[in-house]
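Undergrad: Handing you this structure, nothing more for now.
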Amino acid sequence: MSKIDDNDDHESEEPEPTGPSRVVVPFAKNGKYPSNAISNAKYNPITFIPIILYEQFKFFINLYFLIVALSQIVPSLRIGYLSSYILPLAFVLFVTMSKEALDDIARRRRDAEANKEGYEVVGKVDFVRSRDLKVGDLVFIKKDQRVPADMILLKSSEANGETFIRTDQLDGETDWKLRIACPLTQSLPNETLSSVQITATAPSKSIHSFLGRISLDSANLPLSIDNTLWANTVLASGHAIGCVIYTGKETRQAMNTSKARAKVGLLELEINSLSKILCICVFLLSLLLVGLSGFRGQWYISIFRFLVLFSSIIPVSLRVNLDLGKSVYAYLIEHDKAIPETIVRTSTIPEDLGRIEYLLTDKTGTLTQNDMELKKIHVGTVSYAGEAMDEVAAYVSGSAQSTRSRRDIGVRVRDLVFALAVCHNVTPVYEDGESSYQAASPDEIAIVKWTESVGLMLAKRDRTSIVLSYAASKAEQSLEILQIFPFSSETKRMGIVVRDSERDEIWFFLKGADSIMARIVQKNDWLEEETGNMAREGLRTLVIGRKKLTTEAYNIFLEKYTAASLVLKDRDSAMLRVVAEYLEKDLELLGLTGVEDKLQENVKPSLELLRNAGIKIWMLTGDKVETARCVAVSAKLVPRGQYIHTVAGMTRNEIAYDQLEYLRSKGDCCLLIDGESLALFLDVYKKEFIEVAVTLPAVIACRCSPTQKAEIAKLIKTWTKKRVCCIGDGGNDVSMIQAADVGVGIVGKEGRQASLAADFSILQFCYLTKLLVWHGRNSYKQSAKLAQFIIHRGLIISIAQAVYSISSSFEPLALYQGLLLVGYATIYTMMPVFSMVLDRDVDEDLAEMYPELYKELTEGRSLSYLTFFIWVLISVYQGSIIQAIAQILVGFDMSVFKMMVSVSFTALFLNELLMVAMEIITWNKIMFATEIVTIGAYIASIPFLGDYFGADLHYIITGPFFWKTAVATAAALVPIFLVKVITRRVRPPTYAKVRQR
């Protein structure tokens, strides 16, 4: 059961499978079915290394370095030490393999814990491990115990056969679900259960539906979702016996556990493009140097040797550094006290939080609290709200004044209150002396609480009866439940048939969305107008009707309905047709309810801030047009005074075309469109509609199905090539969230399904602003800076190599080898460069005060072809000047080669540290420490560099070494520093302007 109107449609269940049914007999051998062992491990000892290697070497950078490393096995291609090229790649693989191994070990431990859990099986003395359960086993489940396989509930400890289960680990919903043991087996002794035969459809992914049949001797009864216990649910009350029908990979839980779509961030795609450009640069530079030498001798070998020498241009550690950066961002997000309990489920895309240009949001539970309170009722001629509810309570108690007109109104009010107290799927639960209501829908609980507040309380309920208690008289009224027709997103209504034995009456009550109920209830002149009025007040409306049935009419219906319930193919459709034909005609309209769903905390300033950040916001809801309009205005989704153009009830193509033309001419208006009109646009004018809609300041789509939500997200992504963020709280938002570049789920009152499916999970909508404008902005800016610095680090050492090769008559001779090459990419530069992920150009308050700072990021200026070209120029200049000065001041013939290397390498090392210092805007202790520790590490490693700097290392402690190194370093840094200072004075960046205010 879900929300009792079409305010938020649940995702449609997939149709039942058409494969062969299975017949299950307890205690018997039931054929060959999958093992019930749980296995979420990604690897096994045999596949671990092959899969890891494939996953790593499918990336161009890693494959390139593998080829470079393997080339060093060939003597004619070898340059320097083999370790210079093996160690960096080995380091990357080691980090990746260690992380994957630890994750997989944790998964195996969780699996082992679940697999070894013992269960009592009827007919067996010893406990049976979960992994050893078979189809046909009768399993005894205790309270708070996990259900180990998909089962049919045969017996419950409750006399009426009822039990409750928790399904939060299966579907994310936190409410308890009522399950009912089959009446044929509830009273049978355990030993005679072998006489039962269960017919079930083929395994299916559908967790909210099931079709089956149970037979005992000549008796047959239908089985439905109400008789099931799915694997990974937990028994919440009493104990039960179930018959296993699906095991292992055929359980609902296993079939719904699919690999998440691997999301690749926009920054990663941009870096891949730059890596390809760098690869072309390596090849062209190698070809140029060989060409300048006149292609002499074995020139093709020289080209390959140069490719090896310049391999540092393509940074093998770039991906590892960026992945580590993502881990830091995820840690900072999850430990931010201002947004408690935020969870990062997809750690590969935090930078995309800083690039969002379109936000698609659900309404109920996302912008609103999903905290329902019945605010208003209408009974045709009069409505009640606020203090007037006291008058309703007086009518219910019978203490109201008894003029004729008031008696008439009182009867209508009592009939409506009675219908609301009966027509629902709410169950009162009593635990530890306290009572509470359990239901899947907050709307239903709100209505039952309201009937209690006006004097009619739901005292008891089971699958066969409802007991109501009147507060004024202390009297109780018991009703027999004959049939329940639960809510679904397709029917958008919920009904119940009850028998009042005292009056010998049978009543059919029905409640649902106005769009559905309008054609079921008797004609009237007020329903459409009043639902519109309530919607304009921002209330969620529900229409209630009833019909009195004769015993003969009910028996005719029951015969047809029972026959429809026994078929296995299209059972639901057949049953719905019978209900519509025999019950849902000419119902008496009792009244209308209006339920308020309050806005979430700080929704208004949050939406305003996001809009000022340049993000276009779309609200996609299943609610009515007027309700959606009211919420959009009150939440400030639509700016004050903004014209809202409404498109509703559109069915003709030519009208759709005219509407598109109007929207093209009114680009400054907001669009409010209903699901029917949206479906027409998407069918006939998909391209034209999305082309116009993405230019509008805001779009509100109401009466919107889950499928339409997902399609809109995909359309915006495809058409605009911009980053799209979708946020929602319910199961009906999952498809939209998964279709987005960045999916954000709010932990809702109806469960965690959206939260579990999302990339980021938050508690409130207002947390999204900090997630985007603070964490998202920092993640993107610092990752862009980190990537460019690592590229600069590889380029500058390769340019120095190129200068040396040119001065060595274009010979492919190595300038730096062994520990120098490995150390430069790791201990000598890695920590200071990586520490920049902690840099901040503005503080948190300024980032939220000036959302325009976020707007800048959407243009991608932090990492673009322009910034890349600037960094290439800087690298070429610095690498050339350092190596040229070292060669001029020291020389470069073999007698002084090592002294020249010591000067140029030390200058490169100092240059990198000082460049990091120049780029850091806000220093902290960690950044300062990394600089000091790195300098200490370099000094400490000098005694081990005798093979590269000279055997006695005497030169590096002389005056000439220090001043020559200082000259080379200053020549590389001072011009860059001056240009940076002048640029910031002449054209300061936006963040600098903000900091000065």
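Every residue gets a Cβ built from N, Cα and C, even glycine.
Found this in TrEMBL, in case it helps:
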ACT_SITE  Asp362  active site, 4-aspartylphosphate intermediate
BINDING   Asp362, Lys363, Thr364, Glu444, Phe487, Lys511, Arg540, Thr621, Gly622, Asp623, Arg703, Lys709, Asn732, Asp733  ATP binding site
BINDING   Asp362, Thr364, Asp729, Asp733  Mg(2+) binding site
COMPBIAS  1-16  compositional bias 'Acidic residues'
DOMAIN    30-79  domain 'P-type ATPase N-terminal'
DOMAIN    123-252  domain 'P-type ATPase A'
DOMAIN    756-988  domain 'P-type ATPase C-terminal'
REGION    1-23  region 'Disordered'
TRANSMEM  59-79  transmembrane segment
TRANSMEM  85-102  transmembrane segment
TRANSMEM  273-293  transmembrane segment
TRANSMEM  813-831  transmembrane segment
TRANSMEM  865-890  transmembrane segment
TRANSMEM  896-914  transmembrane segment
TRANSMEM  926-949  transmembrane segment
TRANSMEM  961-983  transmembrane segment
Undergrad: Hey, how far is Asn732 (ATP binding site) from Asp362 (active site, 4-aspartylphosphate intermediate), Cα to Cα, in Å?
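TA: Cα to Cα, Asn732 (ATP binding site) and Asp362 (active site, 4-aspartylphosphate intermediate) are separated by 9 Å.
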Undergrad: Per DSSP, to which secondary structure element type does Thr364 (ATP binding site) belong, with helix, strand and coil as the options?
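TA: The three-state answer is coil.
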Undergrad: Counting only residues 6 or more past its boundaries, what in the same chain has a CB within less than 8 Å of a CB in the transmembrane segment (273-293)?
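TA: Same-chain contacts beyond the flanks: 60-61, 64, 299, 302-303, 306-307, 310-311, 313-314, 318, 787, 791, 794-795, 798, 802, 805-806, 809-812, 868.
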Undergrad: Can you tell me which parts of the same chain pack against the transmembrane segment (85-102), counting only residues 6+ beyond its ends and a CB-CB cutoff under 8 A?
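TA: For the transmembrane segment (85-102), the nonlocal Cβ contacts are 42-43, 48-49, 52-53, 56, 62, 65-66, 68-69, 72, 308, 311, 316-317, 319-320, 822, 825-826.
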Undergrad: Would you kindly give the Cα-Cα distance separating Arg703 (ATP binding site) and the residue listed as 'active site, 4-aspartylphosphate intermediate', rounded to the nearest Å?
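TA: With the alpha carbons as reference points, the distance is 12 Å.
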Undergrad: Taking Asp362, Asp729, Asp733 as the recorded positions to compare, which has the smallest set of other Cβ atoms within 10 Å?
TA: Asp362
Undergrad: When you tally the Cβ atoms that lie within 10 Å of each candidate's Cβ, which of the binding-site residues (Arg540, Arg703) has the highest tally?
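TA: The most densely surrounded of these binding-site residues is Arg540.
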Undergrad: Please report the distance from the Cα of Arg703 (ATP binding site) to the Cα of Asp733 (Mg(2+) binding site), rounded to the nearest angstrom.
TA: 14
Undergrad: Between Arg540 (ATP binding site) and Asp733 (Mg(2+) binding site), how far is it from one CA atom to the other, in Å?
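TA: Answer for this pair: 19 Å between alpha carbons.
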Undergrad: Of the binding-site residues Thr364, Phe487, Gly622, which one sits closest to Asp729 (Mg(2+) binding site) when you measure Cα to Cα?
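TA: Of all the candidates listed, Thr364 is nearest in space.
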Undergrad: In whole Å, how far does the CA atom of Gly622 (ATP binding site) lie from that of Asp733 (Mg(2+) binding site)?
TA: 11
Undergrad: Return only the integer: C-alpha distance in Å from Phe487 (ATP binding site) to Asp733 (Mg(2+) binding site).
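TA: Phe487 (ATP binding site) and Asp733 (Mg(2+) binding site) have their Cα atoms 18 Å apart.
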Undergrad: Thr364 (ATP binding site) to Asp733 (Mg(2+) binding site): how many Å between their Cα atoms?
TA: 11
Undergrad: Name the secondary structure element type, per DSSP in three states, that contains Gly622 (ATP binding site).
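TA: It is coil.
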